[in-house]
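Q: Have a look at the structure that comes next, please.
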């Protein structure tokens, strides 16, 4: 199961880097190429959404089938393993949330940058007509 989390982490990292590059000021020369690359990657990155839902169901299943270790019936090592399992589940849930939020941000920022470029082209055409 660790490979799935690595893949999701890399996808979230790639999304975060693209959002950062799209929003940094002063990269107007690179922005057109970056917007084209990002628009082409939005559809493949959409696979992150069902993948996150699958991993979220996996976390829920592990939570439901995990033996409870709340009483004194557990040994210290079992109690520690139980706590580590809870911490991993919380960490993985945060990773899922980050991947989904970064995808939504990437989609929104890309659409806004495209609209801004279209409006700038309209302004240039109107200036050229006058």
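The backbone N, Cα and C atoms fix where each Cβ goes, and this holds for glycine too.
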Q: If I go by TrEMBL, the feature transmembrane segment sits on one of 6-24, 25-43. Which?
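A: Comparing 6-24, 25-43 with TrEMBL, transmembrane segment matches 6-24.
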Q: List, by number or range, the same-chain residues at least 6 past the transmembrane segment (93-114) whose CB is under 8 A from its CB atoms?
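A: Result: 5, 8-9, 11-12, 15-16, 18-19, 22-23, 31, 35, 38-39, 42, 45-46, 48-49, 52, 55-56, 59.
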